[in-house]
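Enquirer: So TrEMBL lists these for the protein:
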type	residues	note
DOMAIN	221-374	domain 'Peptidase S54 rhomboid'
TRANSMEM	153-173	transmembrane segment
TRANSMEM	226-248	transmembrane segment
TRANSMEM	260-277	transmembrane segment
TRANSMEM	283-306	transmembrane segment
TRANSMEM	327-347	transmembrane segment
TRANSMEM	353-374	transmembrane segment
TRANSMEM	386-406	transmembrane segment
């Protein structure tokens with residue numbers, strides 16, 4: 001509505017279009033340079049030939065300095081061939097201008113397509129976390145935004161359905177009696193477990209019980225475990241909780257960015273959660289798609305950080321800026337998901353059986369890789385700095401996980417010594433462990 005703002009936007013659009021035309025070698029300067037290079041002419045001669053060929057009246061006075069005979073001599077051709085060179089230059093200039101214009105139009109259509117996708121997303125109730133002032137609502141009867149092939153939650157809904165189908169089919173075929181929190185449904189070969197600890201052997205040596213683990217089976221090379229653990233769950237309560245989180249947080253992302261991009265971030269979150277386990281809790285067997293769920297939370301946090309300046313209006317609660325409302329909403333989501341852990345810490349009830357390592361790894365992968373993989377429309381300078389920075393940090397994290405997993409045997413935790421980290425010797429097969437509690441000190 002502001003005439004000055006409208007004029008400024010029109011000017012920016014014209015500059016963008018002119019820039020696209022120049023980038024695709026359609027402007028006069030690039031045509032002259034390319035023609036001179038391809039035909040081994042100096043640029044000044046090519047410039048005279050160009051303006052004579054396209055009948056540039058403004059440039060006509062300079063042609064008096066160099067006649068057709070001089071042009072023929074410079075180009076080392078006969079006088080009769082100068083007109084042929086002019087015709088060739090004219091044809092070349094027309095072709096390059098059409099190519100430049102065509103590629104500029106393609107870039108324009110690509111930008112319009114991105115804008116239409118955001119307009120479509122703004123119409124749905126699912127994407128409230130992404131709606132900004134620049135995403136105006138369109139009429140509901142607009143046919144331009146009705147059928148978008150990739151603007152449907154194929155991956156987010158499909159992955160949940162795949163987990164449910166696998167859970168039901170495996171429990172039925174194996175005759176598993178499933179309860180709310182037990183047992184683990186899925187083959188043990190699918191669990192994220194890099195080492196299989198053998199039995200605890202107790203022997204009597206000099207009147208004292210000696211405890212020793214029989215074997216440690218290396219399973220690090222079973223690479224499928226780094227993905228397949230996400231479709232196994234412990235009881236239907238575990239499955240239902242993960243499914244709800246993935247639908248509520250994943251469908252909005254699927255609507256905005258498409259299934260392929262969301263699948264890439266989801267797989268990285270699952271792998272990131274798996275690679276966090278070897279350097280944090282290496283002796284645990286982990287199942288569940290919580291790494292993916294926390295990866296979705298990381299994506300939402302990543303978008304909030306990247307678009308922090310775009311959410312500075314008071315939209316939902318008066319006197320509370322939209323960015324702070326979103327931050328509070330996401331923080332409450334994290335608190336609710338970790339309620340059992342928080343209650344356990346406060347009450348001192350001990351370990352809640354949750355793999356926080358997979359949660360942290362999935363969150364970090366979703367946070368760091370959301371910006372380079374998912375669609376972004378950077379308008380601020382800091383965004384162009386954060387995107388490559390997040391990408392580098394995410395890649396470093398993954399590489400560190402791979403190197404640690406490959407080089408540490410027998411597995412050692414990066415946080416070795418913490419009481420919360422499970423160690424099969426100290427916590428299980430020792431005089432002070434679970435097995436030792438069943439025996440006396442002497443034998």
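Each residue, glycine too, has its Cβ placed from N, Cα and C.
Nobody curates TrEMBL annotations by hand; they come from automatic prediction.
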Enquirer: Can you find at least 3 Cβ pairs under 8 Å between the transmembrane segment (226-248) and the transmembrane segment (386-406), where each pair is 6 or more residues apart in sequence?
Expert: no
Enquirer: Cβ under 8 Å to the transmembrane segment (260-277), counting only same-chain residues 6 or more beyond its ends: which ones?
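Expert: Tertiary neighbours of the transmembrane segment (260-277) are 150, 155-156, 159, 192, 194, 225-227, 229-230, 250, 253-254, 284, 286, 289-292, 294-296, 298-299, 355, 357-366, 369-370, 373-375, 394, 397-398, 401-402, 405.
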Enquirer: Counting only residues 6 or more past its boundaries, what in the same chain has a CB within less than 8 Å of a CB in the transmembrane segment (327-347)?
Expert: 129, 245, 249, 293-294, 297, 300-301, 304, 354, 356
Enquirer: Is the transmembrane segment (386-406) packed against any residues at least 6 beyond its ends, judged by a Cβ distance under 8 Å, and which are they?
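Expert: Answer is 194, 220, 268, 271-272, 275-276, 278-279, 302, 305-306, 361, 364-365, 367-372, 376, 378, 414.
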Enquirer: Could you please provide the mean pLDDT value for the domain 'Peptidase S54 rhomboid' (221-374)?
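Expert: 88, rounded to a whole number.
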